[in-house]
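Record features, source Swiss-Prot:
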DISULFID  64-140  disulfide bond
DISULFID  67-134  disulfide bond
DISULFID  95-107  disulfide bond
DISULFID  187-257  disulfide bond
DISULFID  190-251  disulfide bond
DISULFID  216-227  disulfide bond
DISULFID  295-367  disulfide bond
DISULFID  298-361  disulfide bond
DISULFID  326-337  disulfide bond
DISULFID  397-470  disulfide bond
DISULFID  400-464  disulfide bond
DISULFID  428-439  disulfide bond
DOMAIN    19-59  domain 'Saposin A-type 1'
DOMAIN    60-144  domain 'Saposin B-type 1'
DOMAIN    183-261  domain 'Saposin B-type 2'
DOMAIN    291-371  domain 'Saposin B-type 3'
DOMAIN    393-474  domain 'Saposin B-type 4'
DOMAIN    476-516  domain 'Saposin A-type 2'
CARBOHYD  204  N-linked glycosylation site
CARBOHYD  312  N-linked glycosylation site
SIGNAL    1-17  signal peptide
């Protein structure tokens with residue numbers, strides 16, 4: 001009996017001495033309990049926080065959106081074969097989206113040590129129950145808490161909620177047209193920003209580089225390395241641009257500031273039919289346009305051909321070279337070069353390996369004294385010409401069709417199909433984890449349909465016509481052929497009469513001389 005009393009008193013003392021112990025800070029209420037899942041579990045308030053705090057609206061962020069997608073997929077049974085371990089692994093991977101390593105490690109620790117609570121919240125029937133796990137793991141921040149920190153404890157209003165959750169809707173309906181900025185405001189902001197960057201580079205280059213690189217850490221583990229590599233490649237030319245040019249010039253090159261017109265370009269407008277008093281000075285390229293641009297194009301074209309035809313001057317090589325030469329001329333002259341090749345290629349083939357560039361351009365009437373460019377309607381060829389496909393003309397037509405034809409045939413190769421399949425599966429990797437398996441399964445099942453669709457779309461003839469490489473015969477524009485000037489040009493000289501097929505007309509009606517005397521003229 002004495003032993004029983006001693007045992008009873010000992011148990012009673014132990015029970016009175018050790019109640020359900022909780023940390024002292026838990027007495028501060030839900031502000032402390034619901035900071036995260038660890039604090040709620042320590043204060044034994046997980047259910048309270050889940051129903052009263054964590055299910056409330058949250059601030060929009062990338063980690064929060066990814067976590068909510070994963071939680072919704074786990075709770076709705078998108079992958080019915082997933083085990084509890086698979087679900088916890090998916091949730092733990094979302095912790096890697098947090099910006100700092102410390103917060104990411106704490107999130108993973110909470111998932112690992114409070115897995116039962118995480119699975120319990122994911123098994124909830126309500127959508128708010130599923131999303132509450134993201135707030136518990138600090139992947140989502142409660143909207144009320146965010147506003148309390150940024151507005152000095154000011155109570156939440158509907159205007160504040162609109163500003164945080166959907167700032168683009170707070171001032172009216174969504175518009176895809178940006179609001180009009182005051183004139184010069186963008187230029188002023190650009191100049192101010194470039195000036196600050198130049199000051200930072202001059203004062204401390206290492207600090208500026210480190211500051212820029214630190215921004216990559218907020219992009220998540222998958223993109224941080226790519227971001228840093230990009231910055232390393234772009235930082236040196238950006239630094240040279242910033243240090244070598246004044247802020248105004250940098251912003252003008254970027255299109256943020258309008259280019260100032262020089263005072264000598266100012267001209268007085270004509271009034272009542274009186275011509276302008278000051279003539280505008282044209283730019284260099286405009287002077288070339290007025291002083292025989294077509295002749296310059298021809299000379300550049302033939303000189304480039306000479307460089308490529310030193311060892312071999314066959315007609316096949318010349319024709320092939322004509323298709324490539326327009327890629328090396330200056331950008332403003334590319335279109336004129338293409339037109340030149342289409343129109344004058346037969347004459348160039350005949351003359352290329354025999355005469356100098358100046359003689360070539362002079363012979364086909366592109367260079368010379370007061371001669372304008374003309375379009376020759378017939379080729380001066382001594383050999384019979386091959387039949388021409390009326391619908392597939394153009395210097396790049398055959399090359400375009402050969403290229404696309406080979407590409408279409410390569411679609412049947414196993415290696416090409418494997419590369420296409422890997423490319424499509426690579427696109428699946430950017431999706432949230434629950435959808436990756438479904439995307440890969442879709443690509444594998446529909447691979448034959450995708451390949452056949454690509455082959456159907458890559459019809460060489462149709463694609464080359466759409467790109468303009470193949471086209472029908474082009475009619476010379478009125479005014480580009482000197483022969484349309486009539487007898488005043490035909491009968492100017494025997495060469496002009498022969499060129500315009502009007503030798504007999506000039507002899508009979510204008511010159512009224514025998515053919516023998518005409519041929520004797522110099």
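Note: Cβ is positioned from N, Cα and C throughout, glycine not excepted.
Everything Swiss-Prot records as a feature, shown here on the structure.
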| residue | record | contacts (Cβ under 8 Å, 6+ apart) |
| --- | --- | --- |
| 95 | disulfide bond | 104, 107, 108, 111, 137, 139 |
| 134 | disulfide bond | 58, 64, 67, 68, 71, 94, 140 |
| 190 | disulfide bond | 247, 250, 251, 254, 256, 257 |
| 326 | disulfide bond | 301, 334, 337, 338, 341 |
| 361 | disulfide bond | 295, 298, 299, 302, 367 |
| 439 | disulfide bond | 425, 427, 428, 431 |
64, 67, 295, 367, 397 as disulfide-bonded residues, winner by CB count within 10 A: 67
Other CB atoms, at most 10 A from the CB of residue 257 (disulfide bond): 19
Minimum Cα separation from residue 470 (disulfide bond), reported as the residue among disulfide-bonded residues 187, 400, 464 that achieves it: 464
For residue 400 (disulfide bond): intrachain residues, at least 6 apart, with Cβ closer than 8 Å: 460, 463, 464, 467, 469, 470
Disulfide-bonded residues: 187, 464 - member with fewest neighbouring CB atoms within 10 Å: 187
Distance [Cα-Cα, Å, rounded] between residue 187 (disulfide bond) and residue 397 (disulfide bond): 45
Least Cβ-crowded entry, counting other Cβ within 10 Å, from the disulfide-bonded residues listed as 337, 428, 470: 428
Disulfide-bonded residues (251, 298), the one with most neighbouring Cβ atoms at 10 Å: 298
